[in-house]
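Taking it in order: structure first as structure tokens, then the write-up.
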Amino acid sequence: MSYLVISFSHKNTDIKLREKLAFNSDEDKDRFLKLILENDITKEAILLSTCNRVEIITRSLNIKQSSKDIIEKLATYSKVDFDVLYDRADIYDADGAVHHLFSVASALDSLVIGETQIVGQLKDAFRFSQAKGYCSLNITRVMHYAFKCAAQVRTATSLGTGSVSVASTAVSKAKDIIGNTKDVKALVVGAGEMSELTVKHLIASGFDVTIISRDTKKAQNLASTFEVHVNVEPYDKLTQLLITTPIMITATSAPYPIITKENAPSSNINRYWFDIAVPRDIDENISMSNLEIFSVDDLQDIVNENMSLRAEQAKTAYGIVSRMSLEFFEWLKSLEIEPIVKNLYLKGNEIIDKKVKNAIKKGFIDSKDEENIRKLCLTVITEYLHNPAKQLKDISKNMECDLVVGTVQNMFSLNENSTSKNRYKCDHLSKN
């Protein structure tokens, strides 16, 4: 059994392919996770789908077979040829899968190094699979350590400061284009988490912000969370606002373009539209004078600047990821050893109990001496097992740990199930 991660991201796929791979609803995610868990080789699974990546995180009995099965099902879902997906996919297993997952959680694999959204998105994906029963002990353990790693990276580096999200990068680009942002109108289409971040950065940059959404009530609630005044307009005014507003950033979860060649108006002013949604909100075929359209992949210049400024911090962060990956596997081995050590002592107590009762029954010892004899036997067992227990704990740091675990279980007839029911709570799940 090994960890397996199949990754499609901005590093190996363009936005056109990521649009087809994106999971836009919980229903789609639920159906896909059910499908990949139907076979006997994929045991637990999490699906992470964001504007820049689709990651399938699993435990598998057969890496090659499981990878092929998952990509086949993804090909059916996305209507993309299997060979195309298989050639593009980054497939990680065992320690490589853990290192990649920790890098993703720590925002080192993001389009914008150090962006702050990914760990929350990963927690949401984990919660979803937990609630549906699609992941249990093994995935919980690795996710716990992934969030622990991300927290250490944030604490030890300054990667979480500055322009560190797709939304903030889009706003930074808009600010570079406009120059003086005082009284410059900016329109945000959508009222979700990405839109909230966008509004926050637009306000901080001095723009006059308007929110528009199909759900006007949701837009009003979002606007009310800011200390400065944020305008809210009904959705039927979208076309009119697109004519008069120089900056527009759209981040809806619509599964299809909401701004098309048919409804995109022309204008006499210079306009700059930023589409940070995947699938894209703006039809890629729109082209007119005085209009520039930027997708997520078009923000690469700022991303490259971001990466060069953060290179030293990223080096420190990767060191943390590597160390935490090694610690994780050592921790896993210790979790396997500790229940065995405990069971050895329990087994000794069971034997003491059985033999003392039998001796009293046969008249070999007086019942009034039972407590003292138990104490003596327990002292003997404890002293006898002390060195083997210490050796077992030391062996947990070595590669032969798995072999030793099985051997000790067989030698002492220990119940294997008792060592595998150590359900682990993810302490970092409730933390932001």
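The backbone N, Cα and C atoms fix where each Cβ goes, and this holds for glycine too.
As recorded in Swiss-Prot:
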ACT_SITE  C51  active site, nucleophile
BINDING   T50, C51, N52, R53, S110, E115, T116, Q117, Q121  substrate binding site
BINDING   G190, A191, G192, E193, M194, S195  NADP(+) binding site
SITE      H100  site 'Important for activity'
Between N52 (substrate binding site) and M194 (NADP(+) binding site), find the distance joining the two CA atoms and give it rounded to the nearest Å.
13
At 10 angstroms around each C-beta, which of the binding-site residues T50, N52, Q121, S195 has the fewest other C-beta atoms nearby?
Q121
Cβ-centroid neighbourhood (8 Å) of the NADP(+) site, G190, A191, G192, E193, M194, S195 excluded:
V188, E196, L197, T198, L222, A251, T252, S253
DSSP-derived structure type at M194 (NADP(+) binding site), helix or strand or else coil:
helix
Output, ordered by sequence, the same-chain residues six or more apart from M194 (NADP(+) binding site) with a CB under 8 Å from its CB, or 'none'.
C51, Q117, V166, A167, A251, I276, A277
Other CB atoms, at most 10 A from the CB of C51 (active site, nucleophile):
23
Hey, does DSSP put Q121 (substrate binding site) in a helix, a strand, or just coil?
helix
Nearest to H100 (site 'Important for activity') in three-dimensional space, by Cα, is which of the binding-site residues G190, G192, E193, S195?
E193
Minimum Cβ neighbour count within 10 Å among the binding-site residues G190, G192: which residue?
G192
Cα distance (Å, whole number) from Q121 (substrate binding site) to S195 (NADP(+) binding site):
15
If you count CB neighbours within 10 Å, which one among the binding-site residues S110, T116 has the smallest count?
T116
What's the CA-CA gap between T50 (substrate binding site) and G190 (NADP(+) binding site) in angstrom, rounded?
16
Which one is it, among the binding-site residues S110, T116, Q121, that lies nearest to G192 (NADP(+) binding site) by Cα separation?
Q121
